[in-house]
Amino acid sequence: MAAFVGKGVGMTALDWIMIAGYFALLIVIGVQTMKRVKDPDDFAVAGNRIIWPVFFGSLAAAFLGGGASIGFAGATMRDGYVYMFAFCAFGIQTVLVGLLIAPRLKNYAGAHTLGDVMEEHYGKPARIVTGVLSVALCAGILGAQALAIGTIVNATLDVPTGPAVILGMGIVVLYSSFGGAWAVIQTDMVQFVSSACSCRSHC
């Protein structure tokens, strides 16, 4: 252990303890939120009981993920400001969805997915097509996030990218499986607060 600590990146034993504690905290949150999951609504949409400040923090943490911290930042540095303006379009899109589409979703009380909404208007075939396309989209997003996790862990901890991806995504799968949307939202809040404090300390 002593030979590995600090290898290539100047890590100390305290650094490793803090990182291990952070990962353990995420898993503990997932286990604790299992108590709130009583039915499919709780697992899929957190029982529709999320207040807007918490939802804002969760959305911000999810929005500022691997694509923002690694993908767009690297592309902007490589190719110029065009990527910065493209990234701003995501924020505009999110605001428009919140203003124009999200309020109407209250009319679909039993819907858990976009496919449920599509089925109500266009029938079961539309739900199936929407589900297939959503899986393809989410697979691409998940792959990008996995690569981002592997890249960050490799750069900071000097862990090979493959094991880093398995470690990072394994923890995400664990807490998500335990607590569903409750676990995702609460861990997002931890990450949002951590990011905000980190940005503040570097200002």
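Heads up, the Cβ atoms here are built off N, Cα and C, so glycines get one too.
Annotation comment: TrEMBL describes 13-31 (among others) as transmembrane segment.
The feature transmembrane segment is assigned by TrEMBL to 51-75 (among others).
Here the transmembrane segment (81-102) has Cβ contacts under 8 Å with residues 59, 63, 68, 72, 75 of the same chain, all six or more residues outside its ends. Summarising the annotation, TrEMBL assigns transmembrane segment to 81-102 (among others).
The transmembrane segment annotation in TrEMBL covers 128-153 (among others).
Taken from TrEMBL, the feature transmembrane segment covers 165-185 (among others). Same-chain residues lying 6 or more positions outside the transmembrane segment (165-185) and placing a CB less than 8 Å from one of its CB atoms are 23, 26-27, 29-34, 36-37, 42-46, 50, 54-55, 58, 142, 145-147, 149-150, 153, 159.
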